[in-house]
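Novice: Sharing a structure, written as structure tokens. Questions coming.
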Ligand code: GLA
């Protein structure tokens with residue numbers, strides 16, 4: 001009998017087994033089962049699939065065909081592996097065998113890295129130790145189990161217990177092997193201004209790989225993936241999620257092998273990774289959060305919403321309503337002074353906006369994006385006074401005050417660069433790649449982080465500040481650390497991310513009441529790692545209501561609504577030139593953490609009245625929007641006429657249905673929007689009209705949407721259950 005290690009959650013089971021030869025095999029992950037799944041394993045003599053020496057003349061045991069828990073290179077598995085190492089001579093490979101495992105109460109955490117957290121009684125941890133006796137390497141696989149939430153997290157510790165250096169060339173955090181199944185992959189690709197577009201593709205024979213080598217998790221591929229059985233829909237079928245709590249280079253791979261077995265895995269990008277591990281040292285791999293649903297994609301998303309909202313996000317604003325803000329970026333860009341900002345704030349405060357966020361351009365010499373980054377002192381001439389004076393004026397209007405920063409960057413045209421040119425990533429004797437005319441500071445160096453942190457803290461301490469927008473506006477290149485004595489460059493990109501996390505952790509410790517919003521040219525660093533520090537992230541620089549629907553739809557698969565920074569901006573929209581009504585813009589922006597990003601002095605009186613109403617609506621609905629359950633009612637890849645989504649309170653007594661028309665036609669047919677998540681045995685009253693609808697009718701037939709011969713109409717229906 002095989003020794004089994006079984007993890008149980010309320011609705012799922014995860015099982016590994018230790019083979020007679022000491023290999024840790026993956027047996028099962030999916031719907032809850034009882035018993036020993038080692039009966040699923042089959043043994044055949046497979047040509048060109050090598051056999052471990054210890055198997056003697058038995059040619060049916062091969063790592064190339066058996067499901068692995070943590071596949072590593074060098075053991076005869078020719079699929080993509082999770083782990084590889086080299087020694088100082090450049091010899092690759094490792095032979096990991098099971099040593100021991102144990103279980104403890106509570107959820108593990110990870111030094112210097114974001115991790116899911118839970119109360120002692122909400123989680124347990126299982127650690128499985130593997131070792132290579134020859135290479136003197138120990139690998140500890142960590143599993144954090146949150147039974148109520150049906151979540152299992154994974155992380156890995158690598159320990160050099162020998163007396164020579166080793167280099168980790170690949171270290172993924174999570175692998176899943178499936179013996180059987182026909183799958184699709186759902187991934188979220190994009191670009192600046194168009195992030196997280198959902199694409200569903202069949203898993204094919206061979207290896208498909210997605211990821212980022214940009215230094216951030218990136219606009220181009222989000223570190224969240226779903227593997228779904230072919231027939232899986234929003235409400236039906238098996239699907240698995242993997243979310244990486246990490247904000248830098250990563251890779252996700254899916255591979256269908258020669259025997260139609262499927263492997264998915266995720267972790268740090270191995271390209272250019274070569275992590276030097278000295279004798280006695282340990283390496284901590286970032287965490288992957290896995291979840292399984294046998295009831296389709298909606299349920300899987302709702303698991304991640306709860307996980308991230310309650311077990312990843314932290315801070316004073318984790319569960320409270322975020323202030324409704326006005327940001328001056330699209331209102332002014334760099335063309336402002338203190339007076340203009342105060343005028344924007346005044347009009348906004350009269351309409352009920354609760355916070356003014358001063359965006360890029362308040363510091364150093366920064367009247368365009370070619371200079372000033374790195375010089376974190378207030379440009380008092382431009383601001384017509386000190387920051388405290390501006391902030392006081394805003395506070396006198398009854399508003400909070402927020403500030404934009406971009407700590408990881410430097411312009412060559414700055415005092416900082418003149419003083420410390422070696423603090424920027426550049427390769428000696430080579431001209432660096434510029435992007436937005438800026439270079440990236442070497443945040444792998446503590447002294448750099450110290451300096452920038454102290455400069456920014458001095459500014460924050462000088463005025464009353466309740467919010468920080470932390471931006472990051474380029475991809476990283478020219479990776480080289482000028483730190484004296486530095487030898488191994490295969491570590492830097494990871495240490496850079498650790499430096500960013502260190503900066504953020506210091507911010508949270510020093511300013512526990514400040515709300516930090518993440519940002520990277522909009523949603524270029526929108527990941528569960530960032531959300532550990534910043535409970536919301538500016539979702540995209542694209543503020544066009546219609547395109548935002550697709551962006552927010554894709555984002556909703558892996559991230560809670562509260563995480564999505566979303567604003568009403570001016571029309572014609574600055575990114576697309578499209579015109580939509582202020583009502584439509586507000587309905588879309590309310591599916592997030594709500595705000596405005598335009599000069600409200602410039603809109604009509606009628607629109608000002610609309611803004612007042614919107615603010616009241618958001619205050620009324622935010623709890624339902626952030627804490628209720630979110631349902632996608634349309635798929636933008638299929639439904640091109642109408643977009644719709646609804647929120648339902650957990651007790652199903654309240655629902656908010658949102659609909660936006662995407663096209664307009666002469667003599668148009670009527671669309672019916674089927675709601676989701678309502679109680680079919682309840683009657684719901686539509687607050688606006690008093691009309692009563694049967695829950696079963698709303699769910700099974702749908703709500704008729706009025707035909708209006710006008711583009712981009714939006715509706716918000718608020719239903720209250722009668723009993
Ligand atoms: C990025 C952000 C914008 C704005 C600008 C300022 O693009 O996403 O919201 O802050 O930087 O330079």
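Using N, Cα and C of the backbone, Cβ positions are placed for all residues, glycine too.
Annotations in TrEMBL come from automatic prediction, not curation.
Marked as domain 'Glycosyl hydrolase family 36 N-terminal' by TrEMBL: 22-277. Residues or ranges marked as active site, nucleophile in TrEMBL: 471. Annotation comment: TrEMBL describes 541 as active site, proton donor. Taken from TrEMBL, the feature domain 'Glycosyl hydrolase family 36 C-terminal' applies to 643-719.
Give me the lay of the land around each of these features.
Specialist: Model confidence over the domain 'Glycosyl hydrolase family 36 N-terminal' (22-277) stands at 98, taken as the mean pLDDT rounded to a whole number.
In the three-state DSSP reading, residue 471 (active site, nucleophile) counts as coil.
There are 21 other CB atoms within 10 A of the CB of residue 541 (active site, proton donor), with all protein chains counted.
Secondary structure of the domain 'Glycosyl hydrolase family 36 C-terminal' (643-719) per DSSP (helix as H, G, I; strand as E, B; remaining residues coil): 6 helix, 33 strand, 38 coil.
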Novice: Round to a whole number and give the Cα-to-Cα distance in Å for the pair residue 541 (active site, proton donor) and residue 471 (active site, nucleophile).
Specialist: 12
Novice: With every protein chain in view, how many other Cβ atoms are within 10 Å of the Cβ of residue 471 (active site, nucleophile)?
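Specialist: Other Cβ atoms found within 10 Å: 22.
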